[in-house]
Structure formats: C-alpha cells, structure tokens
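Enquirer: Before I ask anything, let me first share the structure, which is written out below as structure tokens.
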Amino acid sequence: EAILSCKHKFLKGMSLRIEWKKIQSQGVSFVYYNSEFTGDLRGRAEMLNTGIRIRNVTRRDSGTYRCEISAKSEEGQRLGEATLTLTVLVAPTTPVCEVPSSAMTGTVVQMSCKETEGSPPSEYQWYKNGVALLEKTGTGNARAANITYTMNKKSGTLV
C-alpha cells in the first residue's frame, strides 16, 4: 500500500472540500472528487483525513498527484494545495542481452542488455573476466588493457 499525505492548517470546524488529481502528460484527471474515488482507484483507495491510502499499488499508480483543499469561513473561501510524486518500485527482470559470438580484430563491437520491468529504470554494469569495467564521469570512456570502450549504464550498451 501507499499513503499520500496532505496536511493543512485550516481551523477545525471549517467546511472543507477535498479533491485529489493525477497530473499526466495527457492532462489532469480526477482521483478523488465529490467525496468518491474515480477511475482505477475506485475500490482500492480510502481517505485518511485529507490523505489517501492506496491498496495493491501497481506501476500505473506512479506519477504526480495534487491535493487541493478549499475551506469556507466567515472571511471567505481559502485555498491550499500540495503536489507530490509517487514512485512505485518494481524489481527488474533478467535482461535480454545481445553479444556477438565473434568479431574481427580491430573492428568495433556493440553489446547490449535491456530489461523493461524495473521501476525506476534499471542501470547496467559490464564486467570483463569478472572485473567491473569503470565508467568515467562525463564521457563514459575508459581504458582496460588493450581495449578502449564506451559504457552506458542507463541504456545497457557497451561499445
């Protein structure tokens, strides 16, 4: 489960209206509106005062959420909002690797490994004879014995 907190400093007894929205690249969608959950959170979430408890989280729940609270008082309407990011962690799977079985002396060889399940995205480490290849800060180029290589920890490629 995940708990999204939304604390406020409005006085007790004020009439509060609470809305939760999820901000996505295709626009903003309601998560909690008119005292009920919408979309795929319906039946999986509950209110904790002004926060939300989400049960059985999935990677689809990852994203940016905004809590909006409005309060009516004798002085008029007061508004408050908070934005937070939820990252649902997902273990990586075994990567699929492409490594040529042979190469001609002096040619450039590219090897790659990739998996798509990990959240946040996986980072990769390459080894030669059981020794980790180093990634130099900035260019990612380094020297090992008589080879020059470029390793990209984010994409999983070794050239």
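A Cβ is built for glycine as well, from the same backbone N, Cα and C atoms used for every other residue.
Taken from TrEMBL, the feature domain 'Ig-like' applies to 1-85, 92-159.
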Enquirer: So what's the mean pLDDT when you look at the domain 'Ig-like' (92-159)?
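Expert: Mean model confidence (pLDDT) across the domain 'Ig-like' (92-159) is 84.
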Enquirer: Tally the residues of the domain 'Ig-like' (92-159) by DSSP class, grouping H, G and I as helix, E and B as strand, and everything else as coil.
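Expert: So the domain 'Ig-like' (92-159) is made up of 0 helix, 24 strand, 44 coil.
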Enquirer: Using DSSP, break the domain 'Ig-like' (1-85) down into helix, strand and coil residues and give each count.
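Expert: Split by secondary structure, the domain 'Ig-like' (1-85) comes out as 6 helix, 51 strand, 28 coil.
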